[in-house]
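**Student:** First the structure, then my questions, so here it is.
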Amino acid sequence: MESGSKMTARLMLAVGGAVLGSLQFGYNTGVINRPQKVIEDFYNHTWLYRYEEPISPATLTTLWSLSVAIFSVGGMIGSFSVGLFVNRFGRRNSMLMSNILAFLAAVLMGFSKMALSFEMLILGRFIIGLYSGLTTGFVPMYVGEVSPTALRGALGTFHQLGIVLGILIAQVFGLDLIMGNDSLWPLLLGFIFVPALLQCIILPFAPESPRFLLINRNEENKAKSVLKKLRGTTDVSSDLQEMKEESRQMMREKKVTIMELFRSPMYRQPILIAIVLQLSQQLSGINAVFYYSTSIFEKSGVEQPVYATIGSGVVNTAFTVVSLFVVERAGRRTLHLIGLAGMAGCAILMTIALTLLDQMPWMSYLSIVAIFGFVAFFEIGPGPIPWFIVAELFSQGPRPAAFAVAGLSNWTSNFIVGMGFQYIAQLCGSYVFIIFTVLLVLFFIFTYFKVPETKGRTFDEIAYRFRQGGASQSDKTPDEFHSLGADSQV
């Protein structure tokens, strides 16, 4: 591997410390599902203690739905606030500061049972949602800016790997025999204190983003020193030259606001791509598959369906690792297309299997294969790629605003799916996956015609292509647009 493009200890420390925030996001996404019954019992017990009457089913459903959905509301607000922190405090320091929210949420949720307060639990879920929303901007941005061009895709996938590992840990810890029981569920929710503490210990030893130091702070000597440590070489002239060119371009541009992303022809195309890729992740049907998985495993005769669900979490993690190793060879666009096409095929298989399940019980095994296939294809493309490609599509100036918009798109679609899926599933039954198949095909078409290949390109080279296209970008043919990564394919 060429000098400056190798994995160094300092680079691994920086990425590893950052993705602890991604793990927190994944953990808090999955942790609330397993202990639902014991937490609802706690709500009922608290209500009975306060009002001397059992809680009504409608009120209990409302409180539980609020406990789940408030996490996404916090995420929406947090993701939209990314730009307020990263330019003022830096990328690394913003991640460190956000752990205040994680510690506060851990205390509120961990002591909610002792205080007989479901309000503390709900408030804690909102605060950890704020933290997670910030994390979905901070981590991919920081990792993208500290990584060498040749490793940017592979290291960018670590954000998604952290998320799926967090979900898997939550599934395992949520088992009744570990912490998903009546006595230990507060510890399950308060466990977020541990990764927050670890991140506070590790990140002070990680460097600030060299791009932030040079382009935002004009501290060239510090940026040069950081680059030497990150790259493991004394010759960082090419990195510095690329950053200086980006800095000169940024000085010629006025400050980029969120509205400017949509008004300017130069930014309109990349922000549209960023938004649609985020939607392709959340509207792909992955949450629907996890929702259906336990009932499908039960119908197929699996005695402990929860362990089969954990098995799908293992597949989730394993194929994220696969994506990590192939993303720099195959390219982002190619993997995203493969993932979308594979998911559409598996969604059709699931629809057929679920429709014929009552007449042909063996179809349950086909549905299990389809579930594992769906999850695997998700982690090959739509899972990891939308997160880090935002950093690649934008230069230093508009990047924070772009992450705010992309993050808000992701969290909003997550919230909509979370709130609306059960109603759609009741209405459509097993045919619900036809809706996701149509969406996946539409996302495939958009990706094929509009999304460029960014593999092997510097941030400035990618931004230059969009600047060159400007308002006429949409008039380019697919072949011209895809030339962005053509020479890296040969």
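The backbone N, Cα and C atoms fix where each Cβ goes, and this holds for glycine too.
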**Student:** Does Swiss-Prot give Ala9 and Phe297 the same topological domain, putting them on the same side of the membrane?
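**Tutor:** Phe297 and Ala9, as annotated in Swiss-Prot, occupy opposite sides of the membrane (different topological domains).
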**Student:** Of the residues Asn44, Asn410, which is given the N-linked glycosylation site tag by Swiss-Prot?
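**Tutor:** Among Asn44, Asn410, the one Swiss-Prot marks as N-linked glycosylation site is Asn44.
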**Student:** Out of Glu298, Glu379, which is the one Swiss-Prot records at the D-glucose site of Gln160, Gln281, Gln282, Asn287, Asn316, Trp387?
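**Tutor:** Of Glu298, Glu379, Glu379 joins Gln160, Gln281, Gln282, Asn287, Asn316, Trp387 in the D-glucose site that Swiss-Prot records.
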**Student:** With CB pairs under 8 Å as the measure, which of the listed stretches 90-111, 185-205, 306-327, 334-354, 429-449 comes out on top against the transmembrane segment (11-32)?
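**Tutor:** Looking at each of 90-111, 185-205, 306-327, 334-354, 429-449 in turn, the most contacts to the transmembrane segment (11-32) are made by 185-205.
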**Student:** So how many other Cβ atoms are close to Asn287 (D-glucose binding site), meaning within 10 Å of its Cβ?
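**Tutor:** Cβ-Cβ neighbours of Asn287 (D-glucose binding site) within 10 Å number 16.
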**Student:** Sort out for me which stretch, of 66-86, 90-111, 155-175, 271-292, 334-354, has the most Cβ pairs below 8 angstroms to the transmembrane segment (185-205).
**Tutor:** 90-111
**Student:** Could you find out if DSSP has Gln282 (D-glucose binding site) as helix, strand or coil?
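**Tutor:** For Gln282 (D-glucose binding site) - judged by DSSP and reduced to three states - the answer is helix.
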**Student:** Does the transmembrane segment (365-387) come near the transmembrane segment (90-111), with 3+ Cβ pairs under 8 Å (pairs 6 or more apart)?
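**Tutor:** Answer no, regions not in contact.
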**Student:** If contact means at least 3 Cβ pairs within less than 8 Å, sequence distance 6 or more, would you call the transmembrane segment (155-175) and the transmembrane segment (66-86) in contact?
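**Tutor:** Contact between the transmembrane segment (155-175) and the transmembrane segment (66-86): absent.
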**Student:** Where Glu379 (D-glucose binding site) and Asn44 (N-linked glycosylation site) are concerned, what is their Cα separation in Å, rounded?
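**Tutor:** Their Cα atoms are separated by 38 Å.
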